[in-house]
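As written in Swiss-Prot, here are the features:
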type	residues	note
ACT_SITE	103	active site, nucleophile
ACT_SITE	199	active site, for GATase activity
ACT_SITE	201	active site, for GATase activity
BINDING	76, 77, 78, 153, 154	L-glutamine binding site
DOMAIN	25-225	domain 'Glutamine amidotransferase type-1'
REGION	256-520	region 'Indole-3-glycerol phosphate synthase'
REGION	535-768	region 'N-(5'-phosphoribosyl)anthranilate isomerase'
């Protein structure tokens, strides 16, 4: 017998919630419906104290006298007006502060306010349908297209929707129906009255308990009053969470955390309405594989050049310190952090109090594109919605922050599950033993302890040490906030803390590398290029000069494969040169000092240079192309076994990712895209089309360096044996950023390559 595909959402092994103060006197009216006690079960599991009355066992006056916190009226087996009269009467007299029905109550609400209920034109009894909803009221936090089980085939009609009601949920109608959607939920615009036309308590309805929980949180007779009371309750809960031994007395003033939380909820709700920013738009982008490549966050934390891992942070302001630096350039700061040894970089994306945005995250991700062993990117935000996780992933985040203090356990578990489903192991933030227990129980691999009290912003760096014994050995524990100097870190190293987050202190450090080394018990030095000897490229090489150039110590041998140029070689000659270069040994082999360290990040151009300087016993063969088709370039690379491809025309920069070997791209210093990371291994700065011997002004070269302090180049500017040393010396402090020199006409006599000039040029360049 085939296995069943039935998904059972019933609470067979329930985890009952503690008693809920807001639901201390729930009255459930049983309209002789068979599902009443299923509804009762869900209400009780969510912490409600429920009393059940048959509709003919209690009068309206008696019901009013009992002062229920909520009134739930069960499904009505028949929807004729005379059969729902008992259900309508309590609603009309506004006895309950938050009336709610599991199914037919939508019909009752329609009848009560003058609407019409009619057949839907399709048989729906007992069927499951994907539900679309507005995310408010009972649907807060409920995913879209959640499967729900229908009660019957009747529903309120669109044309008779009372003015005082709004549609809160729908399901798709039949393709041949006159309407596109069947109404599945309605809500009173002013009063706290909600109704649905399906079974939240059904085993086939997903997130039914969440809907019940949302309902039981509702207070007050109007939505305005409910919002006020909920905000006060949330602020009180957050304040109470900071005390492990006593309840914090409730106050009317909201905490800073609550203010930020409320502001972000409202802002995200509005953002989700914008075309291109809607949840469906983000999901479509993710399904189209538009999220950038990611790395494993826990593993990156373990790969540190220090005794523990450094977590850096980019933020322009904070609630505790105010404005830090509004002029901070997030992508530039990220490159500094990465090369200084930071393993993750935390990017604040909250705009109001931290002056960040999701665009900061996207720009930072682009700035470290192509870095070898790049740091992981953390989206630091007040995460409360799956939408924010997907938004962060699409912007390039490798991980996200989730704060236990802000989230109920079920929502927290759901957010962790979604984060895992998109390949991101989150950083779970806690501050006390209760929160740590939750994080450990949910299996968090990386737990951060916030040393800062989020209510009064006081810092106690001992908070992390007090909680470390609760953390499983395989879990990485991070100390967050309040770390300013080496003494703050010493105890963490001794106790086995895996990482520390340093924010303002690092951003304000005058010498970042020195500060980090002293803070984390270095030593650590940023990987830099050696200025002693640039690599040498001989271009326009013909057969007779190839072997001589290699034997002289040249590192790169360039052959011109673009048609119509005076140094272009034939296919036969190109094959001959390829064979000679691949067989001829270099006189001296030295290991590059630029080879990437697996525990540190290196700029893309440092990595590009290391690929050209890696330990190898022969020179590398470079094929030079100009404005030829990509197909031709790929074919020649394969036929000639080219080690490197040089694009010397107007070829798109993106081609570099389509060529299976390192690519050099020629630029004029005024061109755009010279410093674009992730494509060409190194840019070649040249004055003209190549081989012209035209001088390239050093001021232009320096200007290119000034625009991008991480750019490294190959210099080709009319060099020759007599001027290569003086030219490089003329670059002053930028000398180290010339990784290679390229010569063509400078080693020729009467249009022919001179073997003596080749030897002289290599000797002069290697003598630097």
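A Cβ is built for glycine as well, from the same backbone N, Cα and C atoms used for every other residue.
Here the CA atom of residue 153 (L-glutamine binding site) lies 13 Å from the CA atom of residue 199 (active site, for GATase activity).
Note: the CA-CA distance between residue 154 (L-glutamine binding site) and residue 201 (active site, for GATase activity) rounds to 19 Å.
In the three-state DSSP assignment, the secondary structure recorded for residue 154 (L-glutamine binding site) is strand.
Secondary structure from DSSP puts residue 201 (active site, for GATase activity) in coil.
Taking the Cβ of residue 199 (active site, for GATase activity) as centre and 10 Å as the limit, one finds 22 other Cβ atoms among all the protein chains shown. Model confidence over the domain 'Glutamine amidotransferase type-1' (25-225) stands at 79, taken as the mean pLDDT rounded to a whole number. Every protein chain shown contributes to the tally, and the Cβ of residue 154 (L-glutamine binding site) ends up with 20 other Cβ atoms within 10 Å.
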